[in-house]
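J.: Below, the features straight out of Swiss-Prot:
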- 1-4: topological domain 'Cytoplasmic' (TOPO_DOM)
- 50-56: topological domain 'Cytoplasmic' (TOPO_DOM)
- 78-105: topological domain 'Periplasmic' (TOPO_DOM)
- 127-139: topological domain 'Cytoplasmic' (TOPO_DOM)
- 161-177: topological domain 'Periplasmic' (TOPO_DOM)
- 199-223: topological domain 'Cytoplasmic' (TOPO_DOM)
- 245-257: topological domain 'Periplasmic' (TOPO_DOM)
- 279-301: topological domain 'Cytoplasmic' (TOPO_DOM)
- 323-342: topological domain 'Periplasmic' (TOPO_DOM)
- 406-424: topological domain 'Cytoplasmic' (TOPO_DOM)
- 5-25: transmembrane segment (TRANSMEM)
- 29-49: transmembrane segment (TRANSMEM)
- 57-77: transmembrane segment (TRANSMEM)
- 106-126: transmembrane segment (TRANSMEM)
- 178-198: transmembrane segment (TRANSMEM)
- 224-244: transmembrane segment (TRANSMEM)
- 258-278: transmembrane segment (TRANSMEM)
- 302-322: transmembrane segment (TRANSMEM)
- 343-363: transmembrane segment (TRANSMEM)
- 364-384: transmembrane segment (TRANSMEM)
- 385-405: transmembrane segment (TRANSMEM)
- 425-445: transmembrane segment (TRANSMEM)
Amino acid sequence: MHSQIWVVSTLLISIVLIVLTIVKFKFHPFLALLLASFFVGTMMGMGPLDMVNAIESGIGGTLGFLAAVIGLGTILGKMMEVSGAAERIGLTLQRCRWLSVDVIMVLVGLICGITLFVEVGVVLLIPLAFSIAKKTNTSLLKLAIPLCTALMAVHCVVPPHPAALYVANKLGADIGSVIVYGLLVGLMASLIGGPLFLKFLGQRLPFKPVPTEFADLKVRDEKTLPSLGATLFTILLPIALMLVKTIAELNMARESGLYILVEFIGNPITAMFIAVFVAYYVLGIRQHMSMGTMLTHTENGFGSIANILLIIGAGGAFNAILKSSSLADTLAVILSNMHMHPILLAWLVALILHAAVGSATVAMMGATAIVAPMLPLYPDISPEIIAIAIGSGAIGCTIVTDSLFWLVKQYCGATLNETFKYYTTATFIASVVALAGTFLLSFII
């Protein structure tokens, strides 16, 4: 049995190893996580074959569920992108004269972000911000910051986004419940971290016009876009199916045939599978796309997820090593003796890891590995709440280590100092608000 000092030192060194190899030596996170897994296994006295078996089972067990859902989600997001469905939502909300432009951008980010990776969402939706900025003579920062904050919030707390789905799966949380809680917390965090924060700044927020190099980026002709009803139906269908499953689990007899049917169609894999074929028809065939064209778009979409799948698989390996080496059990005892609330601990670990590594996905996987062992010691706190707490932490501290920081800086034509002052601060405020929302939810449910 290893001493607590040895266990804590091993864990801390493994985290430092991950950060250094990614930030300093430019290792891919997949390799960094695998290296840390071998390091922990060796330091905890695992045999070579035991380490390999744990890594293999960790990768397989994690991707066995997530690979299918992420793949199907990628198709759904790609169809949203190529059909112009995301722009349809933005243009429709733009007509709501009772909403301010910054609130509109939050809603666009939240709704469209459900099916889009955060970086893809920024690239796809920023022309809408450009268009509104030109028409209303508004500072681009007032539009881009709420949009990007909302996209980041959804990315971290709402499945079927890969990191949020990974955390929910590893903690044994109900995915439908996490979706509902995540949307509530994400909306509150985005509105306060975006529009309310910018309103507080007032005239101190500098005016930023659309950068000249992006002046030619335009929103597509509205006549070529799918209808709003078709767009919303496609986005919300898989979420609705998963929520029906959650409701059924609370209210239906488990022996009934209807319950089995609802469990089947509400499973994330089945729900996303159904949604993909609805998207093919509603956003593809009805928009005069051929099956060959949709096949090409699907293949192009799959090319972009190899990176995230490998990172998530390696995160599963790291998690498996922590469990197999008994480090997780000892860590649970140590953390419980710290007398720090598990919600605060989950948030803080994810926040620090995001700042250090620059990837919200890696941060959430690392936080899950650290926090999960102590959950059995707190039966009154649901895994859904801890999942939201981890995601809330990962929203914050979007700094120079994160590619999203540079994307926002480039599109807004902002200086490094301005991006720190306005966007990094916005994400940190959103993260703190999300933490407060998570605590509030924990008292209610």
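Each Cβ is built from the backbone N, Cα and C atoms, and glycine gets one as well.
Each of these features: where is it, how hidden is it, and who are its neighbours?
T.: Taking the topological domain 'Cytoplasmic' (1-4) as a whole, pLDDT averages 68 in the prediction.
Under DSSP, residues within the topological domain 'Cytoplasmic' (50-56) fall into helix, strand and coil as 7 helix, 0 strand, 0 coil.
Remote same-chain partners of the topological domain 'Periplasmic' (78-105), defined as residues 6 or more beyond its termini with a Cβ less than 8 Å from a stretch Cβ, comprise 111-112, 115-116, 120-121, 124-125, 127-129, 132, 136, 138, 142-144, 146-147, 150, 191, 194-195, 198, 219-220, 222, 224-228, 230-232, 234-235, 276, 279-280, 283-284, 287, 289, 294, 297-298, 300-301.
Only residues 6 or more beyond the boundaries of the topological domain 'Periplasmic' (161-177), in the same chain, are considered here, and those with a CB under 8 A from a CB of the stretch are 62, 65-66, 69-70, 73, 114, 117, 154-155, 242-247, 249, 266, 268, 308, 312, 315-316, 319, 360-361, 364-365, 367-368, 372, 375, 382-384, 386-387, 390-391, 394.
Sequence-distant contacts of the topological domain 'Cytoplasmic' (199-223) (same chain, at least 6 residues past either end, Cβ-Cβ under 8 Å): 84, 87-88, 90-91, 126-128, 130-131, 133-134, 139-142, 411-414, 418, 422.
Within the chain carrying the topological domain 'Periplasmic' (245-257), a Cβ under 8 angstroms from the stretch's Cβ atoms is held by residues 174-177, 180, 263, 265-267, 271, all 6 or more beyond its ends.
Summarised by DSSP class, the composition of the topological domain 'Cytoplasmic' (279-301) is 20 helix, 0 strand, 3 coil.
The DSSP breakdown of the topological domain 'Periplasmic' (323-342) into helical (H, G, I), extended (E, B) and coil residues amounts to 13 helix, 0 strand, 7 coil.
For the topological domain 'Cytoplasmic' (406-424), the DSSP counts in helix, strand and coil order read 16 helix, 0 strand, 3 coil.
Within the chain carrying the transmembrane segment (5-25), a Cβ under 8 angstroms from the stretch's Cβ atoms is held by residues 31-33, 35-36, 39-40, 43-44, 327, 330-331, 334, 353, 356-359, 362, 366, 370, 401, all 6 or more beyond its ends.
For the transmembrane segment (224-244), the list of distant contacts is 76, 79-80, 83-85, 87-89, 91-92, 111-112, 114-115, 159-160, 175-176, 179-180, 262, 265-266, 268, 270-272, 274-275, 278-279, 282-283, 286-287: same-chain residues at least six beyond its ends, Cβ to Cβ under 8 Å.
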J.: I'm a bit unsure how to read this: which one of 106-126, 178-198, 302-322, 385-405, 425-445 has the highest number of Cβ pairs shorter than 8 Å with the transmembrane segment (343-363)?
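T.: If we count Cβ pairs closer than 8 Å to the transmembrane segment (343-363), 385-405 scores highest.
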J.: Assess whether the transmembrane segment (57-77) lies in contact with the transmembrane segment (364-384), where contact requires at least three Cβ pairs under 8 Å among residues 6 or more apart in sequence.
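T.: Taking Cβ pairs at least 6 residues apart, the transmembrane segment (364-384) and the transmembrane segment (57-77) are not in contact, as fewer than 3 fall under 8 Å.
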J.: Work out, from DSSP, the number of helix, strand and coil residues along the topological domain 'Periplasmic' (245-257).
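T.: So the counts come to 8 helix, 0 strand, 5 coil.
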J.: May I ask for the residues of the chain that lie six or more residues beyond the transmembrane segment (178-198) and have a Cβ under 8 Å from a Cβ within it?
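T.: Hits for the transmembrane segment (178-198): 100, 102-103, 105-106, 109-110, 141-142, 145-147, 149-150, 153-154, 157-159, 164, 168, 205, 239, 242-243, 246, 384-385, 387-388, 391-392, 395, 422, 425-431, 433-434, 437-438, 441.
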